[in-house]
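In what follows, a structure is listed as structure tokens, so that the remarks can point back to it.
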Amino acid sequence: MLAWSRGRLALPFLVVALAGCIPNAPVFRVEPATTPAEQAPKPPPPLANGRLPDTARPLRYALSLWVNPKEPRFTGEVTIDVEIPRPTSHVVLHAAEIDLRRAHVVVGNERRPARTSTRPSAGQTTPNELVLAFEKPLPAGRASIEITYVAPFGEGTAGLFRVEDAGASYAFTQFEPVDARRVFPCFDEPGFKVPFDVKVTVPKGQLALSNAPETSRTASPDAAHETFSFATTEPLPTYLVALAVGPFEIREAKTTVGGQKEPIRLRLVTTRGKAKLGELVLDTAARELAVLAGFFGRAYPYRKLDLVAVPDLMAAAMEHPGLVTLREDLALLDPDAASAQGKQEMASIVAHELAHQWFGNLVGPPWWDELWLNEGLATWMTAKVIDTITKDTGAAASAVRDKHLAMKLDELPSSRAVRAPVVSTGDAEEIFDAITYEKGASLVRMLEGWLGEDVMRKGLAAHTSAHAHGTASTDGLLAALAEASGKDVAAVARPFLERTGVPFVRAELTCEADKAPRVSLALTPPTSRAGAGGEEARAFVVPACVAYEGAAAPVCGLLSDRLTLELPRRGCPSWIHPNADERGYYRFTLPRASWDALAKVAKKLAPTERVGLVANALALVRSGELGADALLELLSSLRGERHPAVLAEMTESLRWIRVVLPDSGSREALGRFVGSLFLPLGKELGWATRKQDDEATRLARVAVLEALGVLAEDPWTLRQAASRATAYLDDPRAIDADTTAVALLVAARTGGDERLQALRDAVRLAATPEERVIAARAIGRIGDPAELGRGLDIARAGELRAHEFARAFHESARAPETLSTSLGWIRARGPELAPRFGGGLLLELSSAVGEACDPVTRDDALKVFKAIFETVDVNPRKLAALEEQANQCIAVRERETPRLRKKLGLGTR
């Protein structure tokens, strides 16, 4: 799950108005305590570590909500059974933007009123802690806190938020990491896992769903409302509590899933008219649950599984036990019309959320600094699940792409450790990034390569069993792996978890007569950080493996400073690869002759190694270790490549080089180079899916055609795209589903007002959520600045949802020709987006800063987003990292442009 930060003001509430919304809602009265506030003892201050003072610990919640998605606010009552560790005059818990109406504590037979106040937690500016003060101290022991309140629905897609779809109103929840406190007063920390009893009252004709199975429905006396009651949940932290309300359609798959002895309910929940699109996601979920249960040797740990397709959700999905939410464009696919890419994304996202049922839900983190145990392990597990059920999509190679994305961030000066301190809500929201997800997953994959797959599975199964329905720390996981393997796992893992940066390995092959060939490995800082010294490099203990010509298996060892590996062969191999199967989390470099030898045989390497070789080369260009001409030579050696993950990495490296090039003439020359790489394969694969095509071929077709259209601007591709885009906009079933997105993206570049209007109609009339996103994304590719501005403006008119607008804006910002237009638009319109979409959208859009490759554009982009973020609670590290990426691009442009121009046949001016 990915959560975004928000900055909002509390809203007033009129009691009489709310009481009229739902007849069964409670009637409020304010009952003040008798002791004046100025005479009361002072409460414990906010803690610098971001946690609540230890005044009470939750044992159980009873939560009743009155929800009408057509109204601006909802009503709630919560009773929290707590353990009070020592006598206290105050209880501190969380609440944000909640209008309290009554607060009591019940101790024994005594019911005491509480005086209430709110305050910011340490380092925050908006109130998010609720202080309950009592006239006389509460004794140590059991007590029950009772609070009645009203609250506004959330902005954007956080908290309890509303979505309008086809004229109907719905409400959904998204709490991770710190938004449960916006829906009910609570102890909103992940380490507090306790049972919940939930009741929801809704207007007649609407359904309510929650984590646990429904136990009853009770009509109100006037038959205008129904109260849905749910079974007591397994122990849950507040961020995993979930709710959905609306006139849903439900499609059920009666199957035994996830190792259950008896069938459990596996259902798809959609807004009206969309359940017919649920066949693929239900089938995928059932198969993936079976794989996961087999891996853990433990059945799916909850009593039901509803997959809820949400029309708008900035986070792609959320793993709530029993009520997994998925953004509908990723979940609802037409079996006859869905693209191969859509199917791949759906399978991966569902696998990730289902892996969380064990990693994160069954066993959760005690605090947010251990989030990698949720997200890193689930991300790692996703690739294993996908490779088990769909062999031809190359999930392991895609995982290598993700690893290098994390490395790109980890190499920046502003990077943070995987286990970084979390002392504020801003910190908690900021850690949902590639360092937590992809670096965490990459470290697990590296450890698996060192320990062995069976040992890793045994250790993880033991870990989840030992801590089921509780919490566990990194220490517990490393101990379980050490027990299973007999190795000092912590000595290897801890530096990667607790330090920033990417180990840099220099490798050199030595061959002497009458001696076995040797590979020398040394940990040293890269050229760009030459002043860092050897101590920084030697902080890591790296499981390193070297592949080489003719080897049946790599040679491996633990590298902490220097390591020499003998190759068990006669004669000198013609090439070595210093990161076999790309298992290791490190960069490598070779002497130029050895690098050229490896590049020449790149096609012989495994897909994981080909992906890693391209990504590693691009990183070496950024750091100054390798010239950009060598990167282009490597790409030339991969001409004819067909693996979709390798093609994706190749095209991304070329897109970045296109950003680096400072003028249209250089970009045109790069376009000719791109055409020489991909045009033969593009024409061979064509634009239409053939019966014999597997998913890998379909994905390769899309990657090649998009590179030809967007990067090369190849005339054949442009003509085909224009023709097919016109055909699609006239009849969405007229062209192949896989290439629809490519046709629209490429054709939009030269389209005017007529094309913009056609794309707006395509969004409005789309038959599936996937088609809406495809059309929205194409709007961002419009080349004319005025038309692009009008295209982005439709988000303000309500025609695009938050995630759809984000896709359109990203397309416009990733092209050097339209980046300045995008920044001008966000300067003028950005402040008015936050109230509608939430500050998280603006945080997402700020990635445009990292696309700048000249000082003027960089400074303009920073000025735009710094001004916007003054009104949003955002950790400053995000903008710092983006500024560093822009600086990196600027430095590469200055250093490499002459070399690139020469390689592209343009001279060196």
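We number each residue from 1, going along the chain as drawn.
Cβ from N, Cα, C; glycine included.
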Legend entry - Zn(2+) site partner of His352, His356 (as recorded in TrEMBL), chosen from Glu328, Glu375: Glu375
Legend entry - Neighbouring C-beta atoms (10 Å sphere around the C-beta of Tyr437 (site 'Transition state stabilizer')): 26
Inset, instruction - Inside 10 Å of the Cβ of His356 (Zn(2+) binding site), count up the other Cβ atoms and send me the figure. - result: 26
Inset, instruction - For the domain 'Aminopeptidase N-like N-terminal' (58-240), would you mind checking the mean pLDDT of the predicted model? - result: 97
Inset, instruction - For Glu375 (Zn(2+) binding site), just give me the three-state DSSP call. - result: helix
Inset, instruction - Would you mind reading off the Cα separation of Tyr437 (site 'Transition state stabilizer') from Glu375 (Zn(2+) binding site), to the nearest angstrom? - result: 5
Inset, instruction - Using all protein chains in view, find how many other C-beta atoms are within 10 Å of the C-beta of His352 (Zn(2+) binding site). - result: 24
